[in-house]
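Undergrad: Before anything else, here's the structure in question.
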Amino acid sequence: MAIVSSITNHSSLPNDKGEERLVGPSLLREELKLSQQDSLRPKSFDDFVGQSELKKVLEISVKASLKRGEALDHLMLYGPPGLGKTTMALVIAEELGVKARVTSAPALERPRDIVGLLINMQPRELIFVDEIHRLNRISQELLYPAMEDRRLDLTVGKGTSSRMRSIEIPPFTLVGATTKPAALSSPMRDRFGITQRLDFYNYLDLENIIKRSAKLINLVISEEASQQLAKRCRGTPRIANRLIRRVRDYAEVYSHSKKIDVEVVNDALDLHRVDQRGLDATDRSYIGLLVNQYQGGPVGLETLAAGLGEDSTTLETVVEPYLMQIGFLQRTSRGRVVTPAAKKHYLLTSPNNIDK
């Protein structure tokens with residue numbers, strides 16, 4: 001099924017001021033080039049590994065809409081980045097047998113962007129809007145009648161001579177993806193008939209994703225190697241696929257082979273400074289500052305940001321969530337505190353207590 005992509009000005013673009021993180025959840029520049037034609041993306045519910053409850057809900061909804069010959073209800077997918085929201089939207093389009101138009105909220109800043117997207121649709125088409133929480137108020141208000149009543153309400157003319165004109169549009173499905181569902185206006189949230197969360201993946205699902213991806217790029221990976229990779233990818237398929245590509249590069253250059261064993265995985269990821277819990281140099285610097293200079297905390301966020309030379313928002317939204325997820329960090333009213341598990345891991349992986 002053809003995919004029409006209009007992704008521009010995407011916030012998943014890496015920050016030009018900072019270094020791209022191999023284990024960061026945002027898309028890297030090289031991954032943006034792969035776009036929706038990424039060969040590792042599943043094309044059906046059967047190919048999509050993990051998220052079993054979500055898949056069951058969506059399979060029922062898709063089959064029911066096909067049986068009735070109607071457009072699928074508008075769908076909101078939310079959760080941390082890299083878990084497959086875009087992929088799931090494309091899978092749904094394939095299962096429905098319709099075209100998917102892929103865009104993002106920053107590309108829909110002007111009313112004419114929304115109008116141009118909606119008036120050129122075919123019946124039952126799927127429109128995927130990434131970062132939908134970033135839509136401005138005018139764009140959201142244009143979508144209200146489109147989602148609920150299948151019409152566009154446009155203002156024609158200016159001043160006292162202006163008048164409202166309504167244009168009927170075909171039935172369609174809007175799939176909105178967001179990491180911040182609470183940032184959407186209440187009227188916008190209410191217009192989604194289906195709202196589902198994507199969760200972090202367990203090790204078994206990640207192993208299966210890694211094995212599937214390895215097969216698609218003609219690698220032979222051992223059981224132990226896939227297990228080791230699964231431990232390092234932070235519960236995130238996007239990171240799993242990114243790491244397996246880096247391991248492939250290493251194997252082709254140093255082993256001259258497409259066979260991946262655990263030694264190759266360890267050597268490749270040690271080279272990239274990704275340890276056995278998926279922590280990179282940035283994570284270890286954060287923990288190291290707390291352990292070495294502040295005896296584990298509590299320490300204020302701004303103090304940590306100054307000590308690391310990082311923006312406090314970056315620390316709060318990019319670095320800290322995973323450390324909290326694995327039980328290495330606590331946010332308290334007095335500041336940030338590392339846990340005993342974090343101290344133990346840091347001392348084991350950084351013998352000199354410094355990771356510059």
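Backbone N, Cα and C define each Cβ position, glycine as well.
Because the structure is a prediction, the values reported are computed rather than measured.
Annotation comment: Swiss-Prot describes 1-14 as compositional bias 'Polar residues'. Residues or ranges marked as region 'Disordered' by Swiss-Prot: 1-20. Here Swiss-Prot flags 13-201 as region 'Large ATPase domain (RuvB-L)', drawing on sequence analysis. Look at Swiss-Prot and you will find LEU40, ARG41, GLY82, LYS85, THR86, THR87, ARG191, TYR201, ARG238 tagged as ATP binding site, backed by sequence analysis. According to Swiss-Prot, the feature Mg(2+) binding site maps to THR86. The annotation region 'Small ATPAse domain (RuvB-S)' is assigned in Swiss-Prot to 202-273 on the grounds of sequence analysis. According to Swiss-Prot, the feature region 'Head domain (RuvB-H)' maps to 276-356, an assignment based on sequence analysis. The DNA binding site annotation in Swiss-Prot covers ARG331, ARG336 and rests on sequence analysis.
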Undergrad: Among the binding-site residues listed here (GLY82, ARG191, ARG238), which has the Cα closest to the Cα of ARG331 (DNA binding site)?
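TA: So, of the listed binding-site residues, the one sitting closest to ARG331 (DNA binding site) is GLY82.
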Undergrad: Hey, what's the Cβ neighbour count for THR86 (ATP binding site) at 10 Å?
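TA: Looking across every protein chain shown, the total is 26.
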Undergrad: Rounding to the nearest whole angstrom, report the longest C-alpha distance spanning LEU40, ARG41, GLY82, LYS85, THR86, THR87, ARG191, TYR201, ARG238, listed for ATP.
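TA: The ATP-binding residues span at most 32 Å between Cα atoms.
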Undergrad: Closest to ARG336 (DNA binding site): which of the binding-site residues LEU40, GLY82, ARG238, going by Cα position?
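TA: Of all the candidates listed, GLY82 is nearest in space.
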Undergrad: So if I draw a 10 Å sphere around the Cβ of LEU40 (ATP binding site), how many other Cβ atoms end up inside it?
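TA: For LEU40 (ATP binding site), the count of other Cβ atoms within 10 Å is 18.
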Undergrad: Based on Cβ atoms within 10 Å, give me the single least packed residue among the binding-site residues GLY82, ARG191, ARG238.
TA: ARG191
Undergrad: Let's check the environment of ARG331 (DNA binding site): how many other CB atoms sit within 10 Å of its CB?
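TA: I get 13 for this one.
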Undergrad: For ARG336 (DNA binding site), just count the other CB atoms lying within 10 A of its CB, please.
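TA: Around the Cβ of ARG336 (DNA binding site), 25 other Cβ atoms lie within 10 Å.
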